[in-house]
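Student: Sharing a structure below in structure tokens format, with a few things to ask.
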Amino acid sequence: MSEEEELNITVAVRCRGRNEKEVKAKSSVVVAVPDVTGTNEVSINTTGDTGITAQINSKTYTVDRVFGPSADQLLIFKVIAEPLFQDFIKGYNCTVLVYGMTSTGKTYTMTGDERLYDGELSEGAGIIPRVLFKLFDALDAHNDDYMIKCSFIELYNEELKDLLDETPDSSMPRKLRIFDSVTNPNSSRSSSRNSSPKPPEGSTSGTKRRIRPNTMYKPSRSPTVKPTLSSELNSAIHIQNLQEFHIMDAKEGIRLLQRGLRHRQVASTKMNDVSSRSHTIFTIMLYRKCNGESFRVSKMNLVDLAGSENISRSGAQNQRAKEAGSINQSLLTLGRVINSLADKNAHIPFRESKLTRLLQDSLGGNTKTALIATISPAKINSEETSSTLEYATKAKNIKNKPQVGSFIMKDVLVKNVTAELVKIRSDLLATKSKDGIYMSQENYKELTNELENYKTEVQECKRAIERLSTQNGLLTKEKRITNEVNESQRLKIKKLSNNIDFLYDKIDRQHKNEQELSNVVQELMRALRTMQNSLKVYEDQGHRFQTEMERVLYENIGSFKHSLLNEIEKLKGTEEDGFDVDANIDTLTKELNRIYDFINTSTIEICRKFMNKITEQTPTYLQDIRNQVESITHVVGSYSSDLMMHLSSISEEYNHLKDYLNEHFFKNNFQDALDVHVDRTYHQLKVSANSIFLKLREMMNEELETNKEIMMQSLKNAASEVVAKEMGLLDPVKQAWESSLENINECDKLNSGFEKDIGSVVRDVFEKINEGLQFSESAVGDANLDLSRFQDASRALRTDDVIPGSIEEIKKKHNMLKLKVQDSASYMEAATQKFGEIDDSIQGLLNSQAVSQPHSENRIEGLLEQLNGKPLKPLGPSGKTPMRITQGCIASSDQLSLPRKRSYSISPIREIDGNRKASSPFKRKITIDHENVPFSSQKIE
Ligand SMILES: Nc1ncnc2c1ncn2[C@@H]1O[C@H](COP(=O)(O)OP(=O)(O)OP(=O)(O)O)[C@@H](O)[C@H]1O
């Protein structure tokens with residue numbers, strides 16, 4: 001980078017998590033930032049909307065880097081402060097500013113936990129402690145001479161204060177004053193420091209060492225060095241009476257920092273119990289040997305600005321209001337300076353506040369600058385957050401022209417340091433001349449303070465340990481509870497997963513059911529189509545019915561009336577012909593007597609013939625039966641003797657077989673046959689052995705003999721084994737055969753029993769036949785007796801008085817019937833007349849109906865409606881008459897099927913003086929069967 005190159009201020013946003021107050025206030029998060037980092041955009045939604053509306057209404061600010069609640073101190077240092085630090089040790093002047101409303105973490109970011117733990121920083125350490133440690137690490141790694149000084153000032157209520165000043169309370173602290181110095185930035189001020197002491201002896205270039213004026217007092221003041229913030233810099237700003245302290249290591253720097261922090265004005269406000277109402281600037285001056293005898297001078301300003309919140313919300317009043325006003329005045333000016341710089345105005349109002357005067361070089365000057373804007377994520381602070389973000393984005397437009405710092409000659413520097421050393425030595429000599437251990441009051445106070453500080457730290461540590469052990473106890477308890485909760489959650493999860501499995505099963509079943517249901521629905525759809533087809537059929541039938549009805553009404557009723565009249569005429573004719581049945585009854589009586597006589601005679605004749613026939617036929621018939629029975633007995637006897645003969649021959653055969661099996665079966669011939677066979681084999685073997693083994697004849701003979709015996713034995717064994725096996729197989733057969741003999745004996749026994757039984761049955765038959773013969777003879781006698789009784793009864797019939805009496809009764813009833821028929825005829829006549837009237841009115845109605853609704857499907861309903869004088873049923877939505885399908889269900893005929901049968905009440909209407917009246921005696925019910933078009937009607941009583 002060329003020295004004249006412009007460089008924008010680096011701007012970062014750090015958003016902490018919600019603090020306790022915000023959580024208690026249930027203030028929602030309105031700022032969108034990454035959890036750690038990774039973006040350069042931050043958006044805020046001040047409308048209080050949620051979801052997509054929030055995204056639309058939110059405002060987005062772009063900076064160089066955004067850090068979220070999980071970004072730790074090390075990350076902030078590495079990303080923001082370390083690059084500047086690297087430039088700082090190269091010789092650039094650098095400034096890091098933290099800006100934001102109270103309690104957003106400015107001090108946390110800049111200082112953080114500044115305490116040392118075993119000489120090390122904690123994770124909570126902010127930028128200043130980290131820079132101090134990093135600085136010595138970096139310089140020690142290089143082999144250069146260097147000198148480091150620190151100062152710490154506070155701007156409180158537009159008053160500057162040296163936070164490292166240890167002047168006793170009684171004496172007035174030296175007042176710090178800002179003044180400008182006009183110097184040539186490129187010229188070394190070493191010439192103006194001619195009066196400064198010479199460098200200490202032995203300080204040679206190229207030897208790495210720290211230039212230290214006094215090793216006895218730490219840290220040492222350098223009052224001889226011109227007391228300015230940047231007395232050797234080319235900056236135009238100087239602070240008179242400001243003390244700068246040499247430090248030899250990071251720990252000394254930390255101790256200075258701690259001392260300054262103790263002095264810091266801390267005020268309590270409603271918003272932050274230890275709220276800082278002041279601006280502080282911790283400055284590190286580095287004198288680093290560069291080439292030859294010169295040292296490069298650079299400084300690093302670490303600025304913690306006061307809270308930027310507005311006064312009314314902070315609750316600051318009176319003194320606090322003044323403070324807040326001042327603070328805001330400084331910040332207001334800072335804002336204006338930033339705006340002016342961003343807008344590249346000609347006039348920049350640096351001089352309007354001390355803060356801007358002090359930061360003049362860092363804003364739009366030669367310094368490399370970074371601004372960290374700290375914000376709260378909570379809705380209750382959204383206004384301040386927005387204002388901070390506006391500030392930050394504006395600041396991003398400021399361009400600086402960083403330049404490496406000025407030089408100071410080694411001799412000048414050494415002279416300054418030597419002068420300092422001389423002063424301190426004189427102090428020491430003065431104290432040594434007195435008894436005891438003397439030290440300057442300042443050092444004593446410092447030591448006492450340090451002691452107090454250590455005591456306080458020890459107390460704090462003890463308290464911290466107690467607090468931590470209590471916390472530990474609580475945490476252990478919590479852990480136990482958490483474990484229990486986890487266990488119960490695990491069980492719940494298990495249960496839930498079981499439930500899920502069960503639900504999956506259920507879903508599967510449900511799915512199956514749904515499929516079945518959909519099949520059913522399809523079935524229903526098919527059924528619906530079928531029904532619609534049926535409906536169409538019904539509609540056709542309805543039309544046919546209508547036509548038929550018309551035909552019936554027009555034609556049938558007329559013809560019916562006609563036939564009725566004919567019937568009446570016939571009835572009248574019948575009456576004229578007379579209903580005289582006396583003659584008929586006499587004829588009937590005669591006829592009855594004649595038939596009776598005939599039956600009587602015929603019956604006696606039949607009975608006689610029958611008896612004769614029985615008497616003749618029975619002995620012959622019985623003789624036939626006897627003959628047949630005897631032939632059966634003969635056949636059975638011969639069969640029985642044949643059977644016996646066969647059985648005895650079977651028995652004989654069996655005994656033969658048994659004897660054979662016992663005596664001869666496998667007992668003979670075997671030995672002979674085997675001997676023949678063996679001899680033959682032996683002979684053959686012998687012949688062949690003779691021809692082949694002549695010389696070994698004797699030996700062979702012996703051998704053959706032995707073989708013969710062995711073979712004999714073997715064959716015998718084989719034969720006896722075969723016989724034994726055969727006998728073993730024969731035994732069950734033999735047993736079965738023996739048991740069959742028992743069966744034969746049983747057969748014999750049964751046969752004898754059968755012969756005996758059949759003989760007794762035949763005898764019984766004979767006895768029964770004889771009994772039957774005797775019975776038929778007595779039955780014939782009984783029949784003759786009955787016949788004579790029958791003749792007596794026929795005689796009694798003729799002389800009885802009951803029959804003529806009954807006939808008289810019949811005559812009487814006939815006369816009464818005649819009268820009834822006359823009544824009926826006159827009634828029918830009246831009915832015919834009425835029917836004629838009905839016919840006329842139906843004709844009239846049909847004519848009028850045909851005129852008004854010539855093509856209506858509802859002609860019949862309309863007609864009936866007119867007959868009744870009121871609608872039969874309300875019309876359906878399609879304009880068709882609703883029809884009841886099932887109880888409580890009405891549908892129009894184009895939706896569902898027609899009922900199979902419908903009944904209508906028909907009352908002929910008479911108009912009497914313009915009023916319609918139904919004549920009830922002729923009310924009729926018509927039942928229409930839609931399947932079978934013809935209808936039936938019946939009179940309603
Ligand atoms: N990023 C963070 N992580 C953890 N704690 C934080 C963070 N930022 C702030 N805090 C805590 O919030 C509290 C207030 O922070 P701090 O004092 O730094 O705020 P401030 O902006 O300096 O306030 P004021 O302007 O009043 O001085 C402190 O307890 C601090 O530890």
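Along the chain as shown, residues are numbered 1 onward.
For all residues, glycine too, the Cβ spot is worked out from N, Cα and C.
Caution: TrEMBL annotation is automatic and unverified by curators.
Feature list, courtesy of TrEMBL:
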- 8-398: domain 'Kinesin motor' (DOMAIN)
- Gly100, Met101, Thr102, Ser103, Thr104, Gly105, Lys106, Thr107: ATP binding site (BINDING)
- 174-229: region 'Disordered' (REGION)
- 184-196: compositional bias 'Low complexity' (COMPBIAS)
- 437-541: coiled coil (COILED)
Student: In this predicted model, what is the average pLDDT of the coiled coil (437-541)?
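Tutor: Mean per-residue confidence for the coiled coil (437-541): 85 out of 100.
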Student: Can you check which residue among the binding-site residues Thr104, Thr107 has the largest number of Cβ atoms within 10 Å of its own?
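Tutor: Of the binding-site residues Thr104, Thr107, the most buried by Cβ count within 10 Å is Thr104.
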Student: Around the Cβ of Lys106 (ATP binding site), how many other Cβ atoms lie within 10 Å? Please give the count over every shown protein chain.
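Tutor: Excluding its own Cβ, Lys106 (ATP binding site) sees 28 Cβ atoms within 10 Å.
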Student: Across all the protein chains here, work out how many other Cβ atoms are within 10 Å of the Cβ of Ser103 (ATP binding site).
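Tutor: There are 24 such Cβ atoms around Ser103 (ATP binding site).
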Student: Around Met101 (ATP binding site), how many other C-beta atoms are within 10 angstroms of its C-beta?
Tutor: 25
Student: Cβ atoms within 10 Å, counted per site: which of Gly100, Thr102, Gly105 has the most, among these binding-site residues?
Tutor: Gly100
